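Novice: Structure in structure tokens, see below.
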């Protein structure tokens, strides 16, 4: 039996017995015991941190220098790819981070985008690209909205002026855009899973590159992150998980309970010490030894180790360690010295298994207007860097999101059983407005759409009337819960699906293309869509009145069209399954669904200007369909065109299914669907996206003329 001294500070100055075979020397133990005095290292590193904190130069942002014109960036100007960073000194790396932050502020001020998250990871981005060798080493950015500094350092700086614009750079990481974007993102909580897959694939291929998954900014509230960590701990493949902890749970309007506690010198020094290679390798050996001992000795060693981890890393390490990840932290995510030191140690340590580095950052770091804002400038329009003022265009109408919130508040005023649920998107869904009025009846579950849906199902079981407000594209994340926990049990949960259809600059990851297709196939679901903001009020009232089955409705991003709203913002419940005719015409009928009705009305004006008066109808419901309306249109017109801002398999498919079974296609009727094309449409302006999708009024009018054999007129309306 040999004695191994763990010389931790304070109460951990104790001797722990560890079994070893005296006949077999253990050079790792002896080298570490004789060459490492932890208390001495601790005090030494504490002194180093204190000295360093007194010599750090003020950054451009801390000096109050913000530029309406492009700021001077002499070091960034020399960096085209990460390889150009490798010979920079630590002082130059700090200046690089300052310049990178200023450059990010300037670029986003011209394009708009996700600013706060990118500012929070500047130092981390510099450290990662300095220590690791991308693209051979895989660096994954969860969600991807914090990837702007990464894009600047990986050959895309000159294109930053095209960010989120048509044919420009994406606002998230995108595999087809750069080899440095090893995994495409846009939704949260995916990178640990993807990174683990890459790590296992690397091992099976016999390679030795590093895999680093950066996750945080609210993404750790999603179950997939924990599923991935659980599997990572079991598979024990080498990978690094960096927890970017900016205390952000809800996006983009969460406010903090108080200031983020500072990551002090003690935590910094101990975290660097814990990443020390001899200590980690010792723990690997000790782990194997204690497994052989068994019994009380094993339990004692485990308790001492657990307490040591608590002393070294502060709070929060137990969960990650229990999942099988070696925990290091918390680390100051804005201290390049510490980040580089720890990343180098972790990279060079020859031990197996996943490592989690807990990095504490501040969203909006280095830009006071972002730091002071409640939303940390999570997503911004174009703005003046010198004042922080955003150039938001004045609109005569409010957004559909706001109209939905007002409609739901009006319903909740009259019905105390109405409650609201959202998944970390209070501002994005308008539920922050509902929260102000009904603080005990609004539930933010974090980025956890699966839980949100089943939580709403439980509320419905108790007689409440839940409205679950989730973006259309995020509803995809909870589809099994919609089917199994809601529709199968016929529970009256109401799904408000914002951002339906094309969404402009956010691109295909946020495009609400598929909700009608995957909702309308469910046997018990009522599926609705308003054609304007007044209809939205009526459909919210309709959903509140449907209490014997689930229902859903979609509405677009953007502002209303300016129609008169219902008195008192209180909608009137519609007859379920009944549409309406808006314009009476002949020969041709345009049957629109949702906001596409407005495109149909505009197309009708184009056709009328060329002598063709067409019928325009608003379906209102995809399920149940207004069969009487469809029969009437089919029998009284030569051509029926269904128009929707959704994918194949949606509203038009349900219409033609009914018409085929009803025999309405057995005669001379010509039916044509206009839907989103069967491909993902890249980010761009709403007008450009609509044109690419073939859903402009001119496209609809040209389709009508082509069906009628009037090809010349079709060409003319497109020019």
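In case you wondered, yes, glycine gets a Cβ from its N, Cα and C as well.
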Novice: Quick check on the annotation: Swiss-Prot has 186, 187, 188, 218, 219, 246, 367, 449 binding thiamine diphosphate, so which of 84, 129, 145, 538 does it put in that site too?
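Specialist: Answer, per Swiss-Prot (thiamine diphosphate site with 186, 187, 188, 218, 219, 246, 367, 449), from 84, 129, 145, 538: 145.
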Novice: Could you find out if DSSP has residue 217 (Mg(2+) binding site) as helix, strand or coil?
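Specialist: Its secondary structure by DSSP: coil.
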Novice: Looking at the binding-site residues 145, 187, which sits with the largest number of other Cβ atoms within 10 Å of its Cβ?
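Specialist: Answer returned by the neighbour count: 145.
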Novice: Rounded to an integer, what is the Cα-Cα distance in Å between residue 217 (Mg(2+) binding site) and residue 246 (thiamine diphosphate binding site)?
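Specialist: Counting only the Cα atoms, the answer is 6 Å.
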Novice: Which residues does residue 449 (thiamine diphosphate binding site) neighbour through Cβ under 8 Å, counting only same-chain ones at least six apart?
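Specialist: The list for residue 449 (thiamine diphosphate binding site) reads 423, 470, 474, 475, 477, 478, 481, given in order along the sequence.
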Novice: Near the Cβ of residue 218 (thiamine diphosphate binding site), how many other Cβ atoms are there if near means within 10 Å?
Specialist: 27
